[in-house]
């Protein structure tokens, strides 16, 4: 329970208490309607001063913010800075001030139970009330585990001085399920920020928060079903993992901590974790490139973010060989729709087979039903780089096309500011062009998309562009839709191609902030 001071609200004798089953509205100034408020919240203004971050708020801190120009209110465990909302509150500023610096949950429920406050005040969210968990009985002697929290003495303090606030977690249960809740203290957490693996009643859940990784790693105290669900409440930065019990017994505790449990460290310092994925299909795309489909285990939740890669691992002549590959969609045409919320259990890869190579021939020899080890996502591409971009240019050579697939998908389905996206695709011959037919169908389907091919060893019949990446080719290709339109460029291919391309882009006066080079 929250021990936060409560206030009488509405005040005795106030219009809101006198009115039967409701409240009297207070006349608002011009331009202070609910629609005006929603417009203001979409303006991008920072209403909390936390720049999108979330904090844990103590009772003492909450009490300090009790003035009209600095008013925090706690509703159902979450703290909001309602100062910007004062002039927009239909019940008037004075009534809102009754809960200033206090827990307004009961007051809110009495008058506003029907209101979707999470949506209306989401831009005012400061964070979550700090709650001191109760200590239940130990699961096993000598392993003291709190109700979803390890004692501070057992937690490695790996949080650097700079970086996001350390997350926390808790858990609760019903007769048939156990729910683990991770409080990330950051807004805009997505399903692809969460990776969950359940194996032999060992739970491993990783939340990627900016450039850090928070890990829950527990040997569960009881058996659970292999299927589970993951839910993300983006605007409050909350992750819920719901496990189904095998037996309807009451758990005294969640379980025992395993390696690196409750750790929060820079992502670059975490090791790769692999799970076994089954080969479901493989089909020819070109004379030397295949489309591989791998199925995740039913006890895994993993979605690869746009433009990021994973590592595939095989045992070759007694040695483990690891190679990075960027997942793609099954097809350029079928995937251009809103994604479903349920996790996708299949991962697709476009992989060129090198007959003299060590890894790809072994991969190509796998039979349907065989297994490949797949790591979690890696990479530094962030879709936030594409925010408000109007002209997107993609430069790809060979299988450097693969990261462009998800970038292209995201651009055409989620970027409302986009005027055009152009792909310049470098290959040796026409036979090497991956998904050429699909690219041309997509260009017909969506007029914002345009593709140009450049061949280094074309046939005599080829009428298109030829050669290698050059200043002349790029200066002609990189034409903005408007003189001052916001642009972004992605480039991927063999290292010499990428390095030369970035050098040429700099020569053409594009800045580092406008360029992303994909490297593994």
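Heads up, the Cβ atoms here are built off N, Cα and C, so glycines get one too.
As recorded in Swiss-Prot:
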- 1-27: region 'Disordered' (REGION)
- 1: N-acetylmethionine (MOD_RES)
- 13-23: compositional bias 'Polar residues' (COMPBIAS)
- 54-130: domain 'Cytochrome b5 heme-binding' (DOMAIN)
- 89, 112: heme binding site (BINDING)
- 164-255: domain 'CS' (DOMAIN)
- 272-384: domain 'FAD-binding FR-type' (DOMAIN)
- 364-379, 391-423: FAD binding site (BINDING)
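Here the C-alpha separation of residue 396 (FAD binding site) and residue 89 (heme binding site) works out to 53 Å. Sequence-distant neighbours of residue 417 (FAD binding site) (same chain, six or more apart, CB under 8 Å from its CB) are 388, 389, 390, 486, listed in sequence order. Sequence-distant contacts of residue 364 (FAD binding site), defined as residues of its own chain at least six apart whose C-beta falls under 8 angstroms from its C-beta, comprise 282, 290, 353. Spatially close to residue 403 (FAD binding site) yet at least six residues away along the chain are 307, 309, 326, 381, 490, 492, 518, judged by Cβ distances under 8 angstroms. Rounded to a whole value, the Cα-Cα separation of residue 410 (FAD binding site) and residue 89 (heme binding site) is 37 Å.
Here the CA atom of residue 89 (heme binding site) lies 45 Å from the CA atom of residue 378 (FAD binding site). Mean pLDDT across the domain 'Cytochrome b5 heme-binding' (54-130) comes to 85 in this model. In this structure, the C-alpha atom of residue 89 (heme binding site) lies 58 angstrom from that of residue 371 (FAD binding site). Taken residue by residue with DSSP, residue 396 (FAD binding site) is part of a strand. Broken down with DSSP, the domain 'FAD-binding FR-type' (272-384) shows 7 helix, 50 strand, 56 coil. Within the same chain, residues at least 6 positions away in sequence whose Cβ sits under 8 Å from that of residue 371 (FAD binding site) are 276, 277, 278, 279. In the three-state DSSP classification, residue 89 (heme binding site) falls within coil.
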